[in-house]
There are 2 protein chains.
Amino acid sequence: MAKYEKISEAVVRRLPIYLRYLSYLQQVNVTTVSSQQMGMNLDVNPAQIRKDLAAFGDFGKKGIGYDVNYLVENIRQILKLTDEVRVVLVGAGHLGHAISNYNAYVKDNIRIAAIFDNDASKLGKEVAGLPIQSMSEMAHTIAEKNIKLAIMTVPAPAAQTVCDQLVSFGIKGILNFAPTTIKVPKDVRVHYADVTSNLQSLAYYIT
Amino acid sequence: MAKYEKISEAVVRRLPIYLRYLSYLQQVNVTTVSSQQMGMNLDVNPAQIRKDLAAFGDFGKKGIGYDVNYLVENIRQILKLTDEVRVVLVGAGHLGHAISNYNAYVKDNIRIAAIFDNDASKLGKEVAGLPIQSMSEMAHTIAEKNIKLAIMTVPAPAAQTVCDQLVSFGIKGILNFAPTTIKVPKDVRVHYADVTSNLQSLAYYIT
DNA sequence: TAGATTGTTAATCGATTAACAATC
DNA sequence: TAGATTGTTAATCGATTAACAATC
């Protein structure tokens, strides 16, 4: 029986990982997969995978496993990846460039739809086929293209200001590369992707 | 009384965040801080902060708060950031370049000490003052500079192979930007920093 | 059918938060 | 001193894992 429990944060973090592996299976024409096999490949406990998947419906067949296509389709739906997901990127520095040019998103139905920077000398220059736009155009572009997600690759001191603008223009999710905590309303979600803190916590585990 | 409980994963994730804020306080010559004030600024429950800090010693003064300098010094020690942390970077593509050029690590005592790529045409070219080296030099350089951490900015299909090499050369922590799960021995730690899955899980939270 | 594998429950583990005595 | 704030315990919450009946 399908359920309507709320899906936990941890599950939402794992779904893209499942999706990635399942998409790979599609490519190599595997049609069925067991939680056991997925777990082996992704280093996740099979019971966990079954529980995760059971949280949003009855996808498996006892004795058989899961139908790969069916699972892919459903995880896409859960994650709201069925339509193209458009994202704005703010901060056309080195990292912003790198992320924009990384076109592997496309196959995952994610598109960087606009790029902004506050440096006047960069305006109009193209990055990955998109012109760098002025911050003053943000409101308009976000509304026009109905964008809900943003990537921030700005310096730490600019992060809160940029974030406030994005939120006021209707952005609901922010991937923040700036090395600073930002404050957002409860209905906006921030994921932190700061390289330094990531390395620093990694350092703890050396020997 | 100082304790020797093992420090949990969640705590280790938060320590760099605390450290960042405390370093900022040092800069603006604030000498004392309460868990309340830290919590406000970092969006962390004050009780959690007190518990986290208490896990590795008695750092606060009742009625007063914490000594900023003392705390900075101790968190650095816990995270093994007292000596310069040297890191290798493998994969001198866009993202590798961006990360190498981001020199904000330096003030955090982290240094990218060598860069490798398997593309012969890139060899010897300089990135952030470092020559791109051939993969065949990895073993030697890692041993010579006594490096324990690595950043992987390689394509997904190369990730496991590169990872296996790194591990065999003594690397104990890997920050993996490739969009793929990698297998490592128990004594090696991997942090995942793949942009796509991060965006995909963010998409779930839209409205 | 017999073997395999799910869905689900119960047990366990870990992380967060509230509350307050101790004390600066 | 009185107010503030820690350190710590207990309560709560959430996430993981083991185990197994159901069933393909």
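If you go along the chain as it appears here, the first residue is 1 and each next one adds 1.
Every residue, even glycine, has its Cβ placed from backbone N, Cα and C.
Under 8 Å from some Cβ of the DNA-binding region (A:17-56) lie the Cβ atoms of residues 2-3, 5, 7-8, 11, 64-69, 71-72, 74-76, 78-79, 81, all in the same chain and six or more residues away from its ends. For A:17-56, the entry in TrEMBL reads DNA-binding region.
Annotated domain 'CoA-binding' per TrEMBL: A:81-181, in sequence order. With helix defined as DSSP H, G or I and strand as E or B, the domain 'CoA-binding' (A:81-181) counts 40 helix, 27 strand, 34 coil.
For A:G91, A:A92, A:G93, A:H94, A:L95, A:G96, the entry in TrEMBL reads NAD(+) binding site. Sequence-distant contacts of A:L95 (NAD(+) binding site), defined as residues of its own chain at least six apart whose C-beta falls under 8 angstroms from its C-beta, comprise A:T153, A:F177.
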Quiz item: Can you tell me how the residues of the DNA-binding region (A:17-56) break down into helix, strand and coil by DSSP?
Solution: 28 helix, 2 strand, 10 coil
Exercise. Inside 10 Å of the Cβ of A:H94 (NAD(+) binding site), count up the other Cβ atoms and send me the figure.
Key: 18
Exercise. May I ask you to pick out the binding-site residues among A:G91, A:A92, A:L95 with a CB closer than 8 angstroms to chain B's CB atoms, ordered by sequence, or 'none' if no residue qualifies?
Key: A:L95
